[in-house]
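What TrEMBL records for B:19-58 is DNA-binding region. Annotated domain 'CoA-binding' per TrEMBL: B:82-208, in sequence order. Feature annotation from TrEMBL assigns NAD(+) binding site to B:93, B:94, B:95, B:96, B:97, B:98.
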């Protein structure tokens, strides 16, 4: 059931896996013990074939004709997605967007724990912000009843490297940085994160982060990617992409049901 | 160059089209007159083959061996994505997330114009919120210099239907609703939007909107989808999906470069 060495998993399948996991959580909350690819497909609005194909990338989870045990499939998908471990996260950019991210429901449930908040605005530095408590231990169902919100004070971005070193020295290295600065500052802020040793960036700014650019934004050839960027993962949560995709499908509704992946 | 009747365009290709458009805008801003599939690919971090394949779904845009004229390809992709017209948008849920959406940079540049803001919290109703001015006319480059921010007062969600009717009577029907309420209220809020005649929903809540559920959340069979939901498009911008995808690829970096679409 390892994904190591499995060739050719489409990025879209990973996103759908996240959707299936959400549905399984809802089923578990509703105390539904078993489910089927057909039932998952209906809720995820894809075909049952697509569900079976996506799950098959990661292992054999069900019994033919018998469907899936909700708790077992949920546990397996949680493991596949790396959500049975905890992730230490900093947020860079604590304006409206950073605040919305810090309070977005469900992140702590998935072991994403905020350990530091950063900005450059003098009036924000030192401001306390409530963040949800990170759940401890292995993944279970629902929020831990004992989870208390904590407060973090916003720090200046120039202190990020020192903070990261201090965290690492305590065995709690920063895993991810969520980037919520205005687009014109995104590249420089990402560079600061990478210099601080952050290996995963979730970019909320509507701009592309370029590993082949330096912090001044000058394009370099790909061969000039600096070593510090070499194993950095960047994912994007770009509101405009969603807006534009919606516009496209409203104009072309007939294309919505013609995803060739569905038919493969 | 019509997309009507073109079978089998992957959803992921539509998302990549949005990325190519962003790159073209950046090239235009940098006064770069022409580009190539290789240059687009490098910036979008996909293969040149993928770029050519994605563009081919929508027409023939370049001259073999000559590359693309930036301004022409930008104009064509803008048209394909439906961004050469304006879209009237309401935001439902004006907490931290709704505020962040209202101020997200770039939406007005793409002709998404906020016409109404809604919530249920008594202390928010009547509160004025600055929203960017919507650009008028055909798409050009950059923000219109004359664009002045406007103010909208937050209204109660129960007034959404009346507001929608009033807008429609003035020939300015609401096109889209951006949903930014807590997940436990998302289904009911979406139902209110659909009852008000909104045909496109961009859901920011970390939950699935089910066209086959009524506002009380009871699941219906698919055959019981009410008429009002039948031609409604739902797209999701779910922060947790991005977080989980990042976690997955940090644990499985070797899968990142193995997307089978790239190899087709």
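Cβ coordinates are placed from backbone N, Cα and C, and glycine is handled just like the others.
Using a Cβ-Cβ cut-off of under 8 Å to chain A, the binding-site residues B:93, B:94, B:96, B:97 reduce to B:96, B:97. Every protein chain shown contributes to the tally, and the Cβ of residue B:97 (NAD(+) binding site) ends up with 26 other Cβ atoms within 10 Å. Just so you know, the Cβ of residue B:94 (NAD(+) binding site) picks up 24 other Cβ atoms within 10 Å once every protein chain is counted. Taken residue by residue with DSSP, residue B:94 (NAD(+) binding site) is part of neither helix nor strand, so it is coil.
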